[in-house]
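Here the structure is laid out as structure tokens; the discussion comes afterwards.
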Amino acid sequence: MLSNPTGRRILRDRPRLNSETLKVPYLRSLPENSVGWSYAKWLDKEGVSPDTRDDVQYIDDEECAYVMQRYRECHDFYHAVTGLPTMVEGELALKAFEFLNTVLPMTGLSLAAVVRLKPAERERFFKLHLPWAVRSGLSSEELINVYWEEQLERNVDDLRAELGIEAPPDLREIRRMMRQQEKRAKEKQAQNSTS
């Protein structure tokens, strides 16, 4: 953050992202596809609030503690900008992106949760989401340096393009299509067994 002008300004100002500073009703009133509207829509869809992040503990250095707090509070903006859901598969895709973008060790460690995925989900993660995370995480601007509070009225697609973030594969749509395929296969199997 110190090597980036906006990052330095964030460190100097020490803004917090919570329900006191982010007025969610106002964000909902912003134009569709704005960063703020997308963030509020994502919060509503996932059933979370700007206050779901605990305060950082056990870090003695005040500046390091703030950087970690800022990272925690920005995480949901990363979800909103990428569209990735909070299900394990979506979180892993975002954590892989974050690791390659921020090089924070804890984001890399959380990738061990890939063992929790079902075989089909794991295969999808390695074929679709990990390659996306590598491409976007390595080529995009460092998201920790985004002053999100100043981007709320911007078009989310324009911001994503400016930051160099490729839209990830739509996990919800992929899962919906897979459920439909499974349903059709079961129906076909049932028809064949009654014939």
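Note that Cβ sites are derived from N, Cα and C of the backbone, with glycine treated the same way.
Per TrEMBL, the feature Zn(2+) binding site maps to His75, Asp76, His79, Glu91.
Note on Glu91 (Zn(2+) binding site): other Cβ atoms within 10 Å of its Cβ, all shown chains, come to 16.
Highest local Cβ density among the binding-site residues His75, His79 belongs to His79, counted as other Cβ atoms within 10 Å over all protein chains shown. Those same-chain residues not listed among His75, Asp76, His79, Glu91 yet with C-beta within 8 angstroms of the centroid of the Zn(2+) site C-beta atoms are Phe77, Tyr78, Leu84, Thr86, Leu94.
Other C-beta atoms found within 10 angstroms of the C-beta of Asp76 (Zn(2+) binding site) number 22, with every protein chain shown included.
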